[in-house]
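Undergrad: I have a structure here, written as structure tokens, and I will follow up with some questions on it.
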């Protein structure tokens, strides 16, 4: 197997950290990919992103800050307390690991330079360590690589282990770098990634098979497809006009979107963010096995928490189920779930994403036998505004979010947010926004982050544009959790204000949207208030600046009618 020195990768991380220019980051990554041996190509793209495995891979390292500090102490002879104090001073565990490695008491006689292969194989051993004594084994594996690590290598190994890489490389840069490195079309790299969610696989195909190979990449059971997304419509009438003569209207459930992969008796369920949540919802797995008649299938649906009288409960209840790893039987009783299927993307060897929606729905009805916990999404196909309005009213009365409108001739476009699907919800709806900054509190809250700068997504520039500061709606427990979550994401700041890497999405309610010169978006939320953490959404799935402009227009029109 071809290999590379790990110091080459740590040097790449350092150079990526030193520039904010996307073009330069893309060039650095492309140059690195060019010299990566074929055998490492499926691994290196994830390491560049600061990950070990794809998001959909069930394996995780399961190493916290304390265990990592213990491993560094074992490797260097530096006391754990000294490393902990260093972390308080630097605010960066990676930097503190580098400082500890510089003070290493003795160097092993058998020490060898680290290679990417060795570091990655150690990560796999750590992830696969389980059962009695697993923590001790993880500690030993980590200490062994820290013993042979140079200070800068140790810094980035620590950041990778804790998921705290700060190089500013996201999916867009990696996509463009693969295209540049192997002289292939960026749109083909994008398509292949949208179909497989696997940059390692895509990079290898790009290098070995070029544009032809990328064009032949197809859906694979066990690798989630990026979900097709919807734009917003102001009303049922507007949606029907956009769709043409006739449209399919479906209830928009207030739940968590999931993608189900079935291969015989093997069922895997992925969340909207493509995380494997199968183990947390075994009763849903049983319902899928009982209801889906085809041997192999990929279907999509909305998982809803069911309350008294069958009414839906807020989506946060579903997320509580996803997070639960123990006492799952107890949670099945406390938070019963129902899966409402709305699409099918693959059946028994036949990909269906290029098949019109009308035919996909017919195929879904053909392969699904509804049960108590698994239903088909309620649907109305109509040309009449009045019928669709009545259906919308019924959806809201039942406690659902609104409606989805879908073009009957639309193909499934992975990862695309177009107008072939539209969502219709009450006008003054909450917004999903990204935290990009925060301020340290005062008095008894001086150690906690408090007021949060939130931003909408601008899909044209790929930037997050601020629209307000949210300081209310948080409990003390919330602030403790957010501080813990956001501290590793701090990338700069001045005084009490800190700049946060845009990773965390929150749901925000507000009194109204105002025009404002204060923010470059041109808008500001009046009296914004925190509602919930949106763990199911990636930053790019947050509400867009166009959506805020649209809501502002709705709001002003509504005021004018009064």
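For all residues, glycine too, the Cβ spot is worked out from N, Cα and C.
Here's the feature list from Swiss-Prot:
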- 252: active site, N6-AMP-lysine intermediate (ACT_SITE)
- 250, 257, 272, 302, 342, 417, 423: ATP binding site (BINDING)
Undergrad: Long-range same-chain neighbours of residue 257 (ATP binding site), Cβ under 8 Å, sequence gap at least 6?
TA: 227, 271, 272, 300, 301, 302, 303, 536
Undergrad: Return the single residue from the binding-site residues list (272, 417) that has the minimum number of other CB atoms within 10 Å.
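TA: Counting other Cβ atoms within 10 Å of each of the binding-site residues 272, 417, the minimum falls on 417.
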Undergrad: Report the member of 252, 423 (the recorded positions) whose C-beta atom has the most other C-beta atoms within 10 angstroms.
TA: 252
Undergrad: Where residue 342 (ATP binding site) and the residue listed as 'active site, N6-AMP-lysine intermediate' are concerned, what is their Cα separation in Å, rounded?
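TA: Cα-Cα, rounded: 10 Å.
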Undergrad: Measuring Cα to Cα, how many angstrom lie between residue 417 (ATP binding site) and the residue listed as 'active site, N6-AMP-lysine intermediate'?
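TA: The residue listed as 'active site, N6-AMP-lysine intermediate' has its Cα 16 Å from the Cα of residue 417 (ATP binding site).
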Undergrad: What are the sequence-distant neighbours of residue 250 (ATP binding site), meaning same chain, six or more residues apart, C-beta distance under 8 angstroms?
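TA: Long-range Cβ contacts: 342, 377, 378, 379, 380, 403, 404, 406.
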Undergrad: Taking the Cα atoms as reference points, how far is the residue listed as 'active site, N6-AMP-lysine intermediate' from residue 423 (ATP binding site) in Å?
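TA: Rounded to the nearest whole number, the Cα-Cα distance is 8 Å.
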